[in-house]
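Novice: One structure follows; several queries about it will come next.
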Amino acid sequence: MTTNTIESVLNENRLFPPSPEFSQNAYIKSFEDYKQIYEKAKADPESFWAELAEKELHWFQKWEKVLDWQPPFAKWFVGGKINISYNCLDRHLTTWRKNKAALIWEGEPGDTRTLTYAQLHREVCQFANVLKQLGVHKGDRVGIYMPMIPESAIAMLACARIGAPHTVVFGGFSSEALKDRLNDAEAKLVITADGGFRKDKVVALKEQVDLAIADNGVPSVERVLVVQRTKEPVTMVEGRDYWWHELQKEASPNCPAEAMDSEDMLFILYTSGTTGKPKGVVHTTGGYNLYTHLTTKWIFDVKDDDVYWCTADVGWITGHSYIVYGPLSNGATTLMYEGVPRPSNPGCFWDVIEKYGVNIFYTAPTAIRAFMKMGDGLPNARNLSSLRLLGSVGEPINPEAWMWYHQVIGGEKCPIVDTWWQTETGGIMITPLPGATTTKPGSCTLPFPGIIADVVDLDGNPVNVNEGGYLVVKHPWPGMMRTVYKNPERFRNSYWEHIYPKDGQYFYFAGDGARRDEEGYFWVMGRVDDVINTSGHRLGTMEVESALVSHPAVAEAAVVGRPDEVKGEDIYAFVTLENNYSPSDELMKELKDHVAKEIGAIARPGTIHFTDVLPKTRSGKIMRRLLRNLAAGQEVAGDTSTLEDVGVLEKLRGG
Ligand code: WT7
């Protein structure tokens, strides 16, 4: 299959119904079944979720009330007692799954480790005891800043086991970003590693932790636990820093799971918003457990003999919900891979699929586009016939990439689930069910049962067929975020005050624009606010701007996303300089490095555009819309009447 055929057959009206073979064996076997479940859930969401909570999960004590909805604050399974680590581990030990592979891991250098459910349970219990020994109590927050190694999953599950909310910070973030997050969470302890392997280089994680907490930078942190991974030398502070392996081997493997309240906080995960400071998205226990469990089961159709692989990093919500909690709650075999495609091994994903016989593969459009660019040779050189289902997440997948994924990776036999969701939603919201839904390349299709989603105008009225509008959710769901950590007002005004239905209902507004076609299928158009989605990472423009302005040469900065074939969007920064500085190539490089240092390599701007002026409104707001047009090399579209000085545009085009 060559790329040419893909382009010539590309047609967004093409339909891909599930094959009869797939449907027969799937949990949800037909569109009629989906419709029936969907309508039942819509008519009475509470009974729908309650029945499943009862059937699919273990509860120490049943809830008294299914839903307590005091908009915008929801509580699910009120009064219920549950532990997600128990549901992910203990309950499988009394079944044949005890000795089934829970976690298959491969490191970037090629080292491997497989943990059965019994082994994973033992490690988690021991580590939970280590945490207790170091003074971590129920309710204390624990920071996790780790490479993609089994210990990151063990650490998360151990925190969950004793009721200490974790906050995982992506290992690619810099010490500054780590510091902000640890401070906001007031973490008592940080779990890290000496380093990790990324693109054939060693990333010195412990060093970043040292920088973050140096000079009392994070006053709440009392202890640091360090996994030995790279064996590079690190500084260990007596009485503060401890080696994981030393404490782990002494710890008792006996640690009963704490009976948590259904609404006890499970974790905080930080996500960028439009205004500078990242938001601490709070997820709780019972509802999140049910939601990630059920979505994993029905969307990925995971069966006991499947090897399931999600390529995300545990530092993102996708890693939380669909590497760790969802798959393990189902008793599945989840694969974790430390590596990413890199010059020394661009085909490493296909090697992993062949080596482990991966059946279900979940990745991001940015990765798919990068593979497409490298050509069909690499995947064609491997046996990918074990694959039976493919997934996509992170941004809209363009039909070309969808078709390539379908043909070259899926061999035209695997359904593709294009899953729309967010850190805030906890789990997948709009998606095909692979045995039931006819897919259309580029559409995430229809809402999961129990999810009442729509596309509306600012008054909350549904827009016309194929008309763009705001993507909203009209009824609470078990996996939804509960609040912004320590900032309920910000939760309210970030998500619940954009759309005002006249009848006083509350709609959750996700920040995305979308349209629905004749059949009600959703086509997500992207973020309507100022967030850049680069290589599947969502970055607030404000964060990048603040980083630029923190450099002495920079007077002002305005950052926009520029469409990029591979990354989705690339960061394009307009920068004005202080008087005693002038534009140069060195300065350009210095500024890019500066942003990478302040935020992390993922935020490194692709372009720095020096300019004397920025287009502003009379109220002093930078008109990003115009800058987006300029960055993309397009004509400036739309209204420019609010511009303070129209001459600015000419200057910018010239610059
Ligand atoms: C934003 C959420 C959810 C895990 C990954 C990112 C965009 C995500 C899709 C999709 C179109 C998508 C949205 C959303 N997005 N999946 N299948 N189709 N857009 O999590 O960092 O919280 O970002 O990613 O814009 O709002 P996140």
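Each Cβ is built from the backbone N, Cα and C atoms, and glycine gets one as well.
Keep in mind that TrEMBL annotations are predicted by a computer and have not been checked by a curator.
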Novice: TrEMBL has Gly394, Glu395, Pro396, Asp418, Thr419, Trp420, Trp421, Gln422, Thr423, Arg527, Arg538 down as binding ATP; which of Asp376, Asp512 does it also list for that site?
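Specialist: Same ATP site in TrEMBL: Asp512.
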Novice: What whole-number Å value do you get for the CA-CA distance of Thr318 (CoA binding site) and Thr423 (ATP binding site)?
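Specialist: If we compare the Cα positions of Thr318 (CoA binding site) and Thr423 (ATP binding site), the gap is 8 Å.
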Novice: With Cβ-Cβ distance below 8 Å and at least 6 positions apart along the chain, what are the contacts of Gly394 (ATP binding site)? List them in sequence order.
Specialist: Thr318, Ala364, Pro365, Thr366, Asn533, Gly536, Gly568
Novice: So if I take the binding-site residues (Lys199, Trp421, Thr423, Val549, His551) and measure from each Cβ to the nearest atom of ligand 1, which come out below 6 Å?
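Specialist: Among Lys199, Trp421, Thr423, Val549, His551, near ligand 1: Trp421, Thr423.
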Novice: Any same-chain residues 6+ apart from Pro396 (ATP binding site) with CB under 8 Å of its CB? Would you list them in sequence order, or say none?
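Specialist: The list for Pro396 (ATP binding site) reads Pro365, Gly442, Cys444, Trp523, Val524, Met525, Gly526, given in order along the sequence.
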Novice: With the cut-off set at 10 Å between Cβ atoms, which of these binding-site residues ends up with the most neighbours? Options: Val549, Val554.
Specialist: Val554
Novice: Would you measure the largest Cα separation among Arg198, Lys199, Asp200, Lys201, Thr318, Ser535 for the CoA site and round it to whole Å?
Specialist: 24
Novice: DSSP-wise, what's the residue breakdown of the domain 'Acetyl-coenzyme A synthetase N-terminal' (34-88) into helix, strand and coil?
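Specialist: DSSP composition of the domain 'Acetyl-coenzyme A synthetase N-terminal' (34-88): 27 helix, 15 strand, 13 coil.
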